[in-house]
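One structure is given here, and the rest of the page talks about it.
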Amino acid sequence: MVNWSIKNANIREFLAELLGTCVLTCLGCAGNALVNVRDAGNVGMIVVPITWGLALTVAIYVCGGVSGGHVNPAVTLGMASVGKLPWSKVLHYFAAQYLGAFIGAVLTFVVYREAITNTKGINNLTMGIFGTYSAPNISTGTALLDQIICTAFFLLIICAIVDERNMAVPKGLVPLAIGFANIGLLHISFGYNCGTPLNPARDFSPRLLTAMAGWGGETFSYHNFGYFWVPIVACHIGGILGCWIYRLFIENHWPNDNYEFGNNNDTENRYTKGVRVTQN
């Protein structure tokens, strides 16, 4: 057996983000497909968020140790905007994420192609398996605002979870915490207007696949071309906004570099301790 390894950090990060985003998109879209072809109805309102949350969790477990487990261009851009990722890495992270999402969507399509064609067919009833689409009564402006706010919350939560000076979430539980936030606070809370894309790569790449695989131009022309660009633009804006909100409201104001929430030698309530130190 030949042992070989890639030494270049950029290539390792590219491969990690590609694989992680592939896992996320494949598993998430597969959950959408299951609900769609089985006509799960209201059950899908719970099954789909849980599927995407768990898919995000395992995706971060897969690649987090190498690349940080962004698997989302909005996360990458947001982290770069606050100096937590060098700008020189943004391009290959983006390339890996969009390519990985496309491959993941292809895998789901290959597995579910017969089920889709033999039940509802290649039409507008099934194109939502891969991409998100705003509700018919939702304007482009509302969809844009929805995704800016929703993605900002997502990045705000991520920043809080990974900030060791905050609640000090154990490293091994970080993917689970992020996945849970993805399920409970975002997909369920904000799911109606746009289906909660949160991730430009997860939306655009599968949308491109559907256009190529038989669904045609309607995947882009939906809502008079007024929606397909929303997850791309709004999620990137929201990602930057969420990171900066956390920095300006929380991260910049820790008392000092040695401050540690919940010090084992301090039996006082950690919230009381935090308030008292700040007042001093």
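Just so it is clear, glycine is given a Cβ too, placed from its N, Cα and C backbone atoms.
Caution: TrEMBL annotation is automatic and unverified by curators.
The transmembrane segment annotation in TrEMBL covers 14-35, 47-70, 90-112, 144-162, 174-192, 225-246.
The highest tally of CB pairs under 8 A with the transmembrane segment (174-192), across 14-35, 90-112, 144-162, 225-246, is held by 144-162.
Non-local neighbours of the transmembrane segment (14-35) in the same chain are 6, 43-44, 47-48, 50-52, 54-56, 58-60, 62-64, 66-67, 69-72, 92-93, 95-97, 99-101, 103-105, 107-108, 111-112, 115-116, 128-130, 199, 201-202, 205-206; each lies 6+ residues outside the stretch with a CB under 8 Å from one of its CB atoms.
For the transmembrane segment (90-112), the list of distant contacts is 10, 13-27, 29-30, 33, 37, 67, 70-73, 76-77, 80, 129-130, 199, 201-202, 204-206, 208-209, 213: same-chain residues at least six beyond its ends, Cβ to Cβ under 8 Å.
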